[in-house]
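Q: This is the structure, below, for whatever I ask next.
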Amino acid sequence: IPSVSNIVPESCLLIVVGLLVGGLIKGVGEKPPILKSNIFFLFLLPPIILDAGYFLPLRQFTENLGTILIFAVVGTLWNAFFLGGLMYAVCQLGGPGLNHIGLLANLLFGSIISAVDPVAVLAVFEEIHINELLHILVFGESLLNDAVTVVLYHLFEEFANFEQVTIIDIILGFLSFFVVSLGGVFVGVIYGVIAAFTSRFTSHIRVIEPLFVFLYSYMAYLSAELFHLSGIMALIASGVVMRPYVEANISHKSHTTIKYFLKMWSSVSETLIFIFLGVSTVAGNHYWNWTFVISTLLFCLIARVLGVLVLTWFINKFRIVKLTPKDQFIIAYGGLRGAIAFSLCYLLDYKHFGMRDMFLTAIITVIFFTVFVQGMTIRPLVDLLAVKKKQETKRSINEEIHTQFLDHLLTGIEDICGHYGHHHWKDKLNRFNKKYVKKCLIAGERSKEPQLIAFYHKMEMKQAIELVESGGIGKIPSAVSTVSIQNINPKTLPVARILPALSKDKEEEIRKILRNNLQKTRQRLRSYNRHTLVADPYEEAWNQMLLRRQKARQLEQKMNNYLTVPAHKLDSPTMSRARIGSDPLAYEPKADSENLPIITIDPASPQSPESVDLMNEEPKGCSGLPPSPEEDEEGLVMRVKEPSSPGTDDVFTPGTGDSPSNQRMLRCLSDPGPRPEPEEGEPFIPKGQ
Amino acid sequence: SPGTSTPVTSLFSSTPTVTSEQIEHLHRRFKQLSRDQLTIRKENFDSIPDLEFNPIRGKIVHAFFDKRNLRQESDGLADEINFEDFLTIMSYFRPIEMNMDEEQLDRFRKEKLKFLFHMYDSDHDGKITLQEYRNVVEELLSGNPHLEKESARSIADGAMMEAASICVGQMGPDQVYEGITFEDFLKMWQGIDIETKMHVRFLNMETIAHCY
């Protein structure tokens, strides 16, 4: 049974709500508020654009940049002039009511209404899950045509005051397009670089990291708008430029914060915009002129279709993946108008443009038509035409390796042919980035981290987090395959019992290392500060694990002198996950598990005094029992008591029994933290093997 | 094809590959690389400065001399290749044509993937073993001298396990996954449109810069 939300896109429903609210207010006798342009441009539009720009899929965007630019620039220009010209003709023929509207006014009207609106496109296209190519084409066009709209709008607005428009003015206007667009991008890039540079130094004040992203982006937008440059392009440019460096610098939590705040703000803005559109429709003064409105609507559609057809024919000569007629139809049909047109028209001065109300009415009609009719019908049309939908593929490490390999291969072939194609330039840009830019903008070691490693770490972290969160319910995710390291590399010898073979001074070494590690954590947590975040168990554990892995590796190198059997190193979570997956019963709690040395740890909490409990022995005086074979594999084991729910940070109640879920994957997430009684004197490894 | 000249089929047994304009340009390039000799050896590739920065340089040069890519029956490496062989290798990178039907498209795709497969499978035994895969990842990361071998190894191991789980699914603890065969390789590349990605544009003949 199709529900309302399946048929009607959200934007339509919101406009209807706005209409109802407006009607209600009017019915009560009050004057409903109209969407003021400065509120729209200063507060409602930037979050949506920033959200779009920050999460722009850069690879597809740059691959299709030529196409997008042609649609955005040439397409919008064509729309504006075609529509303006035809409307002028209509006005001249339209009788007394329309005769007085001059050519410039009509051209201005054309330029306002011709731009495809990013808000409307986002709202509708998000729901139909169309394939990435079409999505990026229409959406990219809606973003980049802002420069054209800004130039044309200001140009015609100024020209309307002139007595005469000379050729010089037209040429200057043409040049100003480049100034506006490139200037906007330039402003955005500057702020993006500043933001990236700032984020390099925020490791001590993680809480306000997200603020810098929002702040600098908004300043980019305001600065650009101040000089009548394209604010949208500045916003997009700053988001795109700052993102790779900022993400390398900020903490995982800040990244999540940024993501959720952007999504939240953009959702709120979008909702408000559409509701306000509805309310403004009820509130505004309207002047309905049948000829004008109907012809506007008609010519808008015709202009869009013609423009797309002609441009695609031209573009397909240069594209490898040609745009099929189906694609062209969707692109033409997806040319939705929205609130930007409305606000731009609202900004017009009554003195110079007395017919503003008529323009407003026509614009609202077109907006309603595109959003309601086209918005509602695009989904069934997409299904009817069997347009390719978005594939939800998870990016795998194999694909990453292959893609990078292919990139290098194609660059190499281009070099061999002596053909400086776009792989060559992309490679040069990457090398420049790696050599100079990354060193300035990324803090510490991560500036040298190659993309493959960063990707792999991100994936491992994600898997570890997933596993912990699902481990809390005690289930292994079914997606975990049973493939383990044994399956692909049978030469790895079965693990030896390291612990029994350790000599006394090795024991001492291990103890010392652990103590050092834990001591360091203790010192770090000494002072409580409002700005100190409660330690993120995942991130802290991750760092600790990496540190421990390093130490264990050093230890292993020393141990190799003593042992004849290769030691089993600490695995990455991926491999241990795979191993556990292959033997789900291997980690059931054993009857004698209480005799095993257990380190109970909890994440840092500001309240409890700082000390570490190295041993939790119950009953005391464990002795004699050698660790069971499965425990050996784990090498240096730290058992963790899990928090009672994934969200809480500091829940460790002593005495909670070891549940199977605890012992499972959580060994790689251990976070030393403060505990009441220091008991480090105890040996870590039971004597008497 | 985008060129205005007709495709040349005389040199090749397969479907038309490159146009005569492109062949001319490649011939000029070949003469440059070979210093006006009739054949190129591996050393001739050293004269390309930009190739120095490429991490998989070795594999790329190797691919030019791989007899499997040159469609010769025998196995192993050739010592030198002539212009025809050079063109054969280049033809693996031609762009897709609009008028291809399903079967042609499939063959087109398989050809390109076979070329890639030969690059990964350095010992020519028909499967990519763990060691070979490790080697690939190490080469990819070779531009970062401060990295430990450990990282490259764990990435390759993780990728191999992922490949095994895609291609074979669930495996018991004593089953061994020998290596990635060509069929498995095809499965792994399903998500990537190799036929549109793996090509070099020959369109702007005028703007092609010469090496020196």
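For all residues, glycine too, the Cβ spot is worked out from N, Cα and C.
According to TrEMBL, the coiled coil annotation covers A:504-531. The domain 'Cation/H+ exchanger transmembrane' annotation in TrEMBL covers A:8-382. Feature annotation from TrEMBL assigns domain 'Sodium/hydrogen exchanger regulatory region' to A:480-564. TrEMBL lists A:599-689 with the feature region 'Disordered'. Positions annotated as transmembrane segment by TrEMBL: A:6-25, A:37-56, A:68-91, A:103-124, A:136-156, A:168-198, A:218-241, A:262-284, A:290-316, A:328-347, A:359-382.
Walk me through where these features lie, including what they touch and how far apart they are.
A: Within its own chain, the transmembrane segment (A:37-56) has Cβ neighbours under 8 Å at 118-119, 122, 139, 143, 213-214, 217-218, 221-222, 225, 231-232, 235-240, 243, 258-259, 262-263, 265-266, 268-270, 272-273, 276, 339-340, 343-344, 346-347, counting only residues six or more beyond its boundaries.
Sequence-remote contacts of a segment are chain residues at least 6 beyond its ends whose Cβ falls under 8 Å from one of its Cβ atoms, and for the transmembrane segment (A:68-91) they are 61, 98-99, 101-103, 106-111, 113-116, 136-137, 140-145, 147-149, 152, 291-292, 295-296, 299-300, 303-304, 306-308, 310-311, 314-315, 331.
Beyond the transmembrane segment (A:103-124), the same-chain residues lying 6 or more positions past its ends with a Cβ under 8 Å from any Cβ of the stretch are 9-11, 45, 48-49, 52, 76, 79-85, 87-88, 91, 138-139, 141-143, 145-146, 148-149, 152-153, 156-157, 159-160, 165, 232, 270, 273-274, 296, 300, 303, 334-341, 344-345, 348, 353, 355, 359, 362-363, 366-367, 370-371, 374-375, 378.
Beyond the transmembrane segment (A:136-156), the same-chain residues lying 6 or more positions past its ends with a Cβ under 8 Å from any Cβ of the stretch are 49, 52-53, 57, 60-61, 64-65, 67-69, 71-73, 75-77, 80, 104, 107-108, 111-112, 114-118, 121-122, 125, 173, 176-177, 180-181, 184, 228-233, 236, 330-331, 334-335, 340, 344.
Beyond the transmembrane segment (A:168-198), the same-chain residues lying 6 or more positions past its ends with a Cβ under 8 Å from any Cβ of the stretch are 147-148, 150-151, 155, 159, 162, 212-213, 216-217, 219-220, 223-224, 227-242, 245-246, 249, 440-442.
Residues of the same chain lying 6 or more positions beyond the ends of the transmembrane segment (A:262-284) and with a Cβ under 8 Å from any Cβ of it are 11, 14-23, 25-26, 31-35, 40, 43-45, 47-48, 50-52, 54-55, 119, 122-123, 338-339, 342, 357, 360, 364, 367-368.
Same-chain neighbours of the transmembrane segment (A:290-316): 66-67, 70-71, 74-75, 78-79, 82-83, 86-87, 90-91, 94-95, 98, 113-114, 322-323, 327-328, 331-332, 335, 337, 358, 361-362, 365-366, 369, counting only residues six or more beyond its ends whose CB sits under 8 Å from a CB of the stretch.
Note on the transmembrane segment (A:328-347): residues 34-37, 40-41, 44-45, 71, 109, 112-113, 115-121, 124-125, 130, 134, 137-138, 146, 149, 153, 273-274, 276-277, 280, 300, 304-305, 308-309, 312, 356, 359-360, 363-364, 366-367, 370-371, 374-375, 378, 381-382, 385, 387 of its chain, located 6 or more positions outside it, place their CB under 8 angstroms from a CB of the stretch.
Long-range contacts of the transmembrane segment (A:359-382) within the same chain: residues 7-9, 11-12, 15, 109, 112-113, 120, 123-124, 127-128, 130, 277, 280-281, 284-289, 292-293, 296-297, 300, 329-330, 333-339, 341-342, 345-346, 348, 353, 389, each at least 6 residues beyond the stretch ends and with a Cβ under 8 Å from a Cβ of the stretch.
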